[in-house]
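Following: one structure in structure tokens, then a few remarks.
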């Protein structure tokens, strides 16, 4: 793992670079390859991108191994930032005493009235804040995040309203945002209004290595459980596309 303080992270290209939040999952990997396309990939192989991942003692830490491999496919720099797990209490993804919900009947019924226990308190707020500070300090002009509001409507930090509010905060709370030059750091969410089927199709169209991705919240010996919300949504997406999941 490379230090964030490495001066080589500074974006020196005419078209300023981007930080991409990369979990190692299907959505963030597709988002990464869309960012790469925005910067001229595959014709341009020297991409001004920095992949940023977080180790917060999540149960599915295998996603970090996947994120390393995915970043290497583009030859871009990759940082894994360690966070104290005490930041993220009250979630089934971080606390062993809380079981990840399985086979949730409300997932597709429209009866979801409560926030799932897989929600991690303030996670995207913290992740985006780290990325924003890193972007401003190192000269990147945008941040890509692969949230989508349709599949994860139960998560408050995946909604369009949240992204809009964070963009306003970035405009008001950074030097770039208040400089009056009109070049504030932009939060880009290319998957925000897409379902899993559309994300899979989009990922395939830009050459994203979906076979390297990991989505399961509660893996068993590194293998998907097949029953958590994320596994079910992923399986449904590939079924609708009519393809076998390349990660299985």
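Numbering starts at 1 and runs along the chain as it is shown here.
Glycine is treated like the rest: Cβ placed from N, Cα and C.
Database features (Swiss-Prot):
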type    : residues                                   : note
BINDING : 22, 23, 24, 25, 26, 27, 28, 29, 30, 31, 32 : ATP binding site
BINDING : 216, 225, 228, 231                         : Zn(2+) binding site
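This view paints the features noted in Swiss-Prot onto the structure.
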residue	record	DSSP class
22	ATP binding site	coil
28	ATP binding site	helix
216	Zn(2+) binding site	coil
225	Zn(2+) binding site	coil
231	Zn(2+) binding site	helix
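Checked against residue 216 (Zn(2+) binding site), the binding-site residues 22, 24, 28 differ in C-alpha distance, with 24 being the nearest. Recorded residues residue 28 (ATP binding site) and residue 231 (Zn(2+) binding site) have their alpha carbons 15 Å apart, per Cα-Cα distance.
Using CA atoms as reference points, the binding-site residues 225, 228, 231 were checked against residue 30 (ATP binding site), and the closest is 231. Distance from the CA of residue 228 (Zn(2+) binding site) to the CA of residue 26 (ATP binding site) is 15 Å.
Its own atom aside, the Cβ of residue 28 (ATP binding site) has 26 Cβ atoms within 10 angstroms in the protein chains shown. A distance of 17 Å separates the Cα atom of residue 24 (ATP binding site) from that of residue 228 (Zn(2+) binding site).
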